[in-house]
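Peer 1: Encoded as structure tokens, here's the structure I'll be asking about.
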């Protein structure tokens, strides 16, 4: 007869450290599947969700004893096992290019799916914005009006409007269902537009207000219904590189003056200046970006043919608020910033101006940084050819994803936070698995540098664009 396997005392805890039940003993070689059964029984949820289990930040992948072997944990004491709910749906990796869409006559600078994945828009150096029909994967509308490169595009969280900003400082609003311009151009900035961001749906379901950042050192808040500038935020002394509209009523701006500023959106009062970077701040992300982008749309409810969200403004607002609160959790929104000084900083800007963590390791400037939709992982893309993953709560370094042979320009997460796609100046896209931290699929196809990449919120498609003027759509 086989000898009894050793047993250990464990205590389940959630991500905030709150205990679930009392300590109890389990076989030392217990697997994640068995832990899942025990934990679900304790949680008593009507619809159990998949869980991941961790001992001191290390995930239990095969069995508890294998995980403990890699760590110095006192096994005589009660071992805390942290359980983390995972996405209930699974996004499958894209593996092939289903369409190569021609039409732009200059480089494609930006591509973006609407919040439900119904529409795809692109902005180009040829001064046009194009809308693409995703059911047929063909060009839909070419929207003309800009007289210079379109540098930035942004979907309103209700999916009914797209804003675009160009190199000669104008902002246009477009209707994706007709490709026609809505209202007059928004004019007032004196230099080019670097970034656009709409007010979150749960704060205003009309998607009325838009924030813009410019090389002229200012941020402007626009009433897109009246076609007027409401506020001009001045305090930065150099180009503003990005602006984010947080879910708790703060606006955040990053600048080449090395600072990040937090403003009260309501009245434009400057609340905080975050300092620490030694050079230009190029990019930033909020832990709640994904839920703010998708508003009332839950990727788990996606249908085969994506549709706009239906329902009254009140219903949509409630849905968006519920989703926002679930993602935001108990702490405040976190912000991560990336700089020309090769570093990233993690902040809780609503609460304090000291950074939570300085994140070092990149060997060249940082192009883009993004939180995973579940806020647990931060991914950063750099000119050093690598993508690095960091813990979304602490900023602790997790791993480097290597495979690109040239600068990585842009990255995008899948809605379930399990996959990441990257676009590079080496002309390829690559799909990475955030759990195994490995390259899943290499996607060659572009003839030149890939400037922009996006993953549709319903998980079905990836779109990419770049120097070869072609827009490519990738599917599973």
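Here the Cβ of each residue, glycine as well, is placed from N, Cα and C on the backbone.
Sharing the record's features from Swiss-Prot:
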REGION    5-87  region 'Ubiquitin-like (UBL) domain'
REPEAT    103-142  repeat 'WD 1'
REPEAT    145-184  repeat 'WD 2'
REPEAT    189-234  repeat 'WD 3'
REPEAT    236-273  repeat 'WD 4'
REPEAT    311-357  repeat 'WD 5'
REPEAT    361-400  repeat 'WD 6'
REPEAT    403-442  repeat 'WD 7'
REPEAT    445-476  repeat 'WD 8'
Peer 1: Quickly jot the same-chain residues contacting the repeat 'WD 2' (145-184) by Cβ under 8 Å, restricted to those at least six beyond its ends, or write none.
Peer 2: 106, 109-110, 112-116, 118-119, 121-125, 127-129, 131, 190-198, 200-201, 205-207, 210, 212, 214, 216, 222, 224-225, 227, 292-297, 308-309, 316, 320
Peer 1: Work out, from DSSP, the number of helix, strand and coil residues along the repeat 'WD 7' (403-442).
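Peer 2: Residue counts for the repeat 'WD 7' (403-442) by secondary structure: 0 helix, 22 strand, 18 coil.
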Peer 1: By a Cβ-Cβ criterion of under 8 Å, what residues six or more beyond either terminus of the repeat 'WD 6' (361-400) are in contact with it?
Peer 2: 15, 57, 84, 86-87, 282-291, 299, 327, 329, 334, 336-344, 346, 406-413, 415-417, 420, 422, 424, 432, 434, 437
